[in-house]
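Trainee: Under the heading (6S)-NADPHX binding site, TrEMBL lists 61-65, 124-130, 153, 254, 317, 370, 437. If you look up TrEMBL, you'll see 62, 120, 156 marked as K(+) binding site. The AMP binding site annotation in TrEMBL covers 407, 408, 409, 410, 411, 436. Among the features that TrEMBL reports, domain 'YjeF N-terminal' is placed at 14-210. Marked as domain 'YjeF C-terminal' by TrEMBL: 219-487.
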Ligand SMILES: NC(=O)C1=CN([C@@H]2O[C@H](COP(=O)(O)OP(=O)(O)OC[C@H]3O[C@@H](n4cnc5c(N)ncnc54)[C@H](O)[C@@H]3O)[C@@H](O)[C@H]2O)[C@@H](O)CC1
Ligand SMILES: Nc1ncnc2c1ncn2[C@@H]1O[C@H](COP(=O)(O)OP(=O)(O)O)[C@@H](O)[C@H]1O
Ligand SMILES: [K+]
């Protein structure tokens, strides 16, 4: 099938792919016919009881797809009304308009009626500014009337590059797109604005569906070759010794979650590095997880002489930001992989240069910020409305020479070399206190087993999502570790 369900293609690149397909001899009008046919099929399939199909057509090729869908729906016996603007003369859209019988009425003429279904073919990949007041009013009218919307390529008003609306935007029930997903289909709020996604083949050859930018959905092809093998000659140290730093008495649970996740994710041993005052309390909660009392950066420095300590997680429930900075310095010098989360990140707010300086050379730092932690570290990137979440994660990865796991419903994993993946399939009930600590432990365990940081992060995010699926919607973070399974 000539679709690529893995690659994420920016709208500008999609335009080049369309152009390359046309240059290779496939007619643009044929592509438009195929696109319009998929849209019509979607409407017929999901709205068998519709009374009228209302087609909103814009001036470009997105509108062209709408004219084709209008004709095909009319040929299927549906009562069709077209609203919008006539396309510019001379192109495929003008031909599609000419081939569709009936008039096109001004957008303002649409009066919602029960049984209407909207086909939104106003703007797709070509959207380059906020929609005007007339379209904004139309979007409002559709929303107030609760008329279902089937969007062509993208809900009009949504940026396919960033997943952010440029102004007013349709809320679609279904979005029918072609050849490859765009980042805006997965990044929030775009994913929610698209409703159910339908990725359809319009006949663009698979060989042309490539990107000049290595962005993809998070998928097994990114990490499969690097997953730890079940070696019969295994022993626990070979499987990797993960160290998780514990906070003080009051917040030790977070580190326990990370540690338990680490064991379930395959680390051979996990040791909690605990401040002396919390050792007794932690001991009452631990069984397979081991413990070592670590008071100061000097203590840590000494312990780091043990080369079997394979990877470190610092941040969950750590509490003391000064101490976090003190501990990260020897970890930076230890030339081993480190996951920084939560307080381990907040400790470097306003001081990202120092953090990056500790992890020069081959990438071995992974940071796992949620939205708030990301902003604390990179306020300027967070505030730049031109940047997508992918752009932000990539920029942060470069600044820190780290793999950035920018968490959320649309977790973005980015490497300093520009590789980026969007993980969109995780269940929403992962949004529960402590679930991020579990993720940090999983990634730490994969690093301890020798996976490179980008691959470990992509695999860790996938394992976390799958554990959430298995644990079910009533889960708490404590339920997650036993549901972690090797990929
Ligand atoms: N041959 C092709 O190139 C194919 C294109 N396809 C469709 O074509 C679409 C892309 O077509 P286009 O590149 O013509 O772009 P669009 O049809 O998305 O919109 C382009 C036009 O709208 C104007 N515009 C952009 N934002 C606006 C705003 N906010 N207010 C008012 N006007 C605005 C632009 O200046 C331009 O004239 C895709 O989304 C897809 O639906 C499909 O038909 C498949 C084949
Ligand atoms: N709506 C959502 N859908 C899927 N995953 C989510 C959603 N919201 C949060 N998550 C995931 O849940 C985890 C929450 O982590 P975090 O915000 O650090 O919480 P905590 O600090 O309480 O552990 C992250 O892995 C994040 O990607
Ligand atoms: K559209």
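Positions of Cβ are set from backbone N, Cα and C atoms, glycine also.
Note: TrEMBL annotation is automatic and uncurated.
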Trainee: Near ligand 3, which of the binding-site residues show up if the criterion is a Cβ under 6 Å from one of its atoms? Options: 61, 62, 64, 156, 407.
Mentor: 62, 156
Trainee: Enumerate the residues of the same chain, 407, 408, 409, 410, 411, 436 excluded, that satisfy the criterion Cβ within 8 A of the mean position of the Cβ atoms of the recorded AMP site; list them in sequence order.
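Mentor: Output for this site, in sequence order: 370, 406, 412, 423, 426.
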Trainee: When you look at 407, 408, 409, 410, 411, 436, which the record names as binding AMP, what is the longest CA to CA distance in angstrom?
Mentor: 14
Trainee: Taking ligand 1 as the reference and 6 angstroms as the Cβ limit (strictly under), which binding-site residues among 120, 370, 407, 409, 410, 436 are close?
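Mentor: Those binding-site residues that pass the cut-off are none, since no Cβ is under 6 Å from ligand 1.
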Trainee: Inside 8 A of the center formed by the CB atoms of 62, 120, 156, which other residues of the chain have their CB, for the recorded K(+) site?
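Mentor: The answer, listed by sequence position, is 56, 58, 63, 66, 121, 122, 123, 124, 151, 152, 153, 154, 155, 170.
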Trainee: So if I measure Cβ to Cβ from residue 156 (K(+) binding site) and keep only same-chain residues at least 6 apart in sequence, which ones fall under 8 Å?
Mentor: 56, 58, 62, 120, 122, 123, 124, 127, 131, 135, 139, 169, 170
Trainee: Please identify which of 120, 128, 153, 410 has the densest Cβ environment, defined as other Cβ atoms within 10 Å, among these binding-site residues.
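Mentor: Result for the most crowded candidate: 120.
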Trainee: Should we count any of the binding-site residues 62, 64, 125, 153, 410 as near ligand 2, judged by a CB under 6 A from one of its atoms, and which?
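Mentor: Going through 62, 64, 125, 153, 410 in sequence order, none turns out to be close to ligand 2.
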Trainee: Residue 64 ((6S)-NADPHX binding site) to residue 436 (AMP binding site): how many Å between their Cα atoms?
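Mentor: If we compare the Cα positions of residue 64 ((6S)-NADPHX binding site) and residue 436 (AMP binding site), the gap is 45 Å.
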Trainee: Compare the C-alpha of residue 125 ((6S)-NADPHX binding site) with the C-alpha of each of the binding-site residues 407, 408, 410, 436, and give the closest one.
Mentor: 410
Trainee: I'm trying to understand the geometry here, so how far is the Cα atom of residue 408 (AMP binding site) from the Cα atom of residue 370 ((6S)-NADPHX binding site), in Å to the nearest whole number?
Mentor: 6
Trainee: Which of the binding-site residues listed here (128, 153, 370) have a Cα atom within 10 Å of the Cα of residue 407 (AMP binding site)?
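Mentor: Near residue 407 (AMP binding site) by Cα: 370.
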Trainee: By a 10 A CB contact count over all chains shown, which of the binding-site residues listed here is most packed: 408, 436?
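Mentor: Top count of Cβ atoms within 10 Å goes to 436.
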Trainee: The domain 'YjeF N-terminal' (14-210): mean pLDDT?
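Mentor: Per the prediction, mean pLDDT sits at 97 for the domain 'YjeF N-terminal' (14-210).
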Trainee: With every protein chain in view, what's the tally of Cβ atoms within 10 Å of the Cβ of residue 411 (AMP binding site), excluding that atom itself?
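Mentor: The answer is 27.
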Trainee: Take the C-alpha atoms of residue 128 ((6S)-NADPHX binding site) and residue 410 (AMP binding site) and report the distance between them in angstrom, rounded.
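Mentor: Here the two Cα atoms lie 23 Å apart.
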